[in-house]
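Colleague: Handing you this structure, nothing more for now.
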Amino acid sequence: MTTGPATPPQTNHAEDRTEWPIQVLRAAPETYLLQEILKLAEVAIDTDGHPPFSDQTLIQLRSANAPLLILLSYVPAAPEVPAALAGVAVVLEHDGQPASGTLELVVHPTYRNQGVGQVLLKSLQSARGFESLNAWSHGSHAAAQQLADQFGFEAVRALRRLRLALDAGHQLPAASLPTNISLRSFVPDQDEAAWLAVNAAAFAHHPEQGETSLADLKSLMEEQWFDAAGFLLAVDETDQIMGFHWTKIHAAPAGHQAIGEVYVVGIAPAAQGKGLGKALTLAGIDYLQKKGLSSIMLYVDADNTAAVSLYQSLGFARWDADTMYSYPSATNSNNKFQ
């Protein structure tokens, strides 16, 4: 983090009389500014029912040497009035991949439909450009689609959010583990290295998950929601990890109930094709149900038909979706979805 006060926001004079001053940071924010960003995110969660930033982005916002570009839009105010955040855009640049980044953007509900998103994207275009940039729309808002169209981004990936209602009449089959496999919980300061190896192998073709580092893992373990007991490991007779189901419980935001999540399910390549994925999924759901939760959610790529079919067979139904947009120069046309 920077050691002194952040640079005062500069007004974007290209806009009309309703100007939204913009501040650009090329590093993780100072503590006070991080708290303001997180407060804005919480307000958005209360309104939208889902977070505007991924866990990875939240980790990087707290990391001193994170490869970040942050743009903050402020509410126009008199000089003596403390500036309030109207919106935030965060670009996480990917290590080892020049000019390759992932954008997430959120506008305070009070200031939506007033041009804040446009100002943030115009400022981002000036500060960085859109080359090799992917952008997530969490919840696939219509306003995000309009911004994507306006700035020339194209939809390239759909991530479905599914939900399972655990009412009294819904019975799930018991988890049936393969022979010589047993379940235990993750043990902090013991299982990190072994889990990272299995996670990397299980998600070798899924960089968002497979590139999780020890620092990333430790940051997640420091989150308030982390529960080692709900981090289930499938181990063989030598205690080697063959798979895992990391569960998560989202605290109840205003107007919403607490909800469990099938956070990550991963299977070591040597154990794939043996039914372990389904067994771990069921074991995690059972754990969450015993915590008193009545709803379970998960994310799954829309084109992962095998996983979608499995979850639907267990009673999961579509809730909403996230959409990834990409600037054309960074888009492989073969990956576009219709």
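Placement of Cβ uses the backbone N, Cα and C atoms for every residue, glycine included.
Note that the structure is predicted; figures quoted are calculated from it, not measured.
Quick paste of what Swiss-Prot says about this protein:
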{"type": "BINDING", "residues": "Leu105, Val106, Val107", "note": "acetyl-CoA 1 binding site"}
{"type": "BINDING", "residues": "Val265, Gly266, Ile267, Gln272, Gly273, Lys274, Gly275, Leu276, Gly277, Lys278", "note": "acetyl-CoA 2 binding site"}
{"type": "DOMAIN", "residues": "29-173", "note": "domain 'N-acetyltransferase 1'"}
{"type": "DOMAIN", "residues": "181-338", "note": "domain 'N-acetyltransferase 2'"}
Colleague: Reported as an integer number of Å, what is the Cα distance between Val107 (acetyl-CoA 1 binding site) and Ile267 (acetyl-CoA 2 binding site)?
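Modeller: Cα to Cα, Val107 (acetyl-CoA 1 binding site) and Ile267 (acetyl-CoA 2 binding site) are separated by 37 Å.
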Colleague: If you measure Gly273 (acetyl-CoA 2 binding site) to Leu105 (acetyl-CoA 1 binding site) at Cα, how many Å is it?
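Modeller: That comes out at 38 Å between the alpha carbons.
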Colleague: Please work out the mean pLDDT for the residues of the domain 'N-acetyltransferase 2' (181-338).
Modeller: 90
Colleague: Applying a 10 Å Cβ distance cut-off over all chains shown, what neighbour count does Leu105 (acetyl-CoA 1 binding site) have?
Modeller: 24
Colleague: Does DSSP put Val107 (acetyl-CoA 1 binding site) in a helix, in a strand, or in coil?
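Modeller: Val107 (acetyl-CoA 1 binding site) sits in a strand per DSSP.
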Colleague: Report, in whole Å, the straight Cα-to-Cα distance of Val106 (acetyl-CoA 1 binding site) from Gly275 (acetyl-CoA 2 binding site).
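Modeller: With the alpha carbons as reference points, the distance is 40 Å.
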Colleague: May I have the list of same-chain residues other than Leu105, Val106, Val107 whose Cβ is within 8 Å of the Cβ centroid of the recorded acetyl-CoA 1 site, in sequence order?
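Modeller: What remains near the Cβ centre is Ala44, Pro52, Gly87, Val88, Ala89, Glu104, His108, Val116, Gly117, Leu120.
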Colleague: Nearest to Val106 (acetyl-CoA 1 binding site) by Cα distance: which of the binding-site residues Val265, Ile267, Gly277 is it?
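Modeller: Closest recorded candidate to Val106 (acetyl-CoA 1 binding site) by Cα: Val265.
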Colleague: Counting all other Cβ atoms within 10 Å across every protein chain shown, which of the binding-site residues Val106, Val107, Val265, Ile267 scores highest?
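Modeller: When each Cβ's neighbours within 10 Å are tallied, Val107 leads.
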Colleague: Report the nearest neighbour of Leu105 (acetyl-CoA 1 binding site) in space among the binding-site residues Val265, Ile267, Gly277, comparing Cα positions.
Modeller: Val265
Colleague: Determine the most Cβ-crowded residue among the binding-site residues Gly273, Gly275, Gly277, using a 10 Å radius around each Cβ and all protein chains in the structure.
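Modeller: Of the binding-site residues Gly273, Gly275, Gly277, the most buried by Cβ count within 10 Å is Gly277.
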Colleague: Work out, from DSSP, the number of helix, strand and coil residues along the domain 'N-acetyltransferase 1' (29-173).
Modeller: 50 helix, 40 strand, 55 coil
Colleague: For the recorded acetyl-CoA 2 site, whose residues are Val265, Gly266, Ile267, Gln272, Gly273, Lys274, Gly275, Leu276, Gly277, Lys278, find every other residue on that chain with a C-beta no more than 8 angstroms from the centre of their C-beta atoms, and list them by sequence position.
Modeller: Gly243, Ala271, Ala279, Leu280
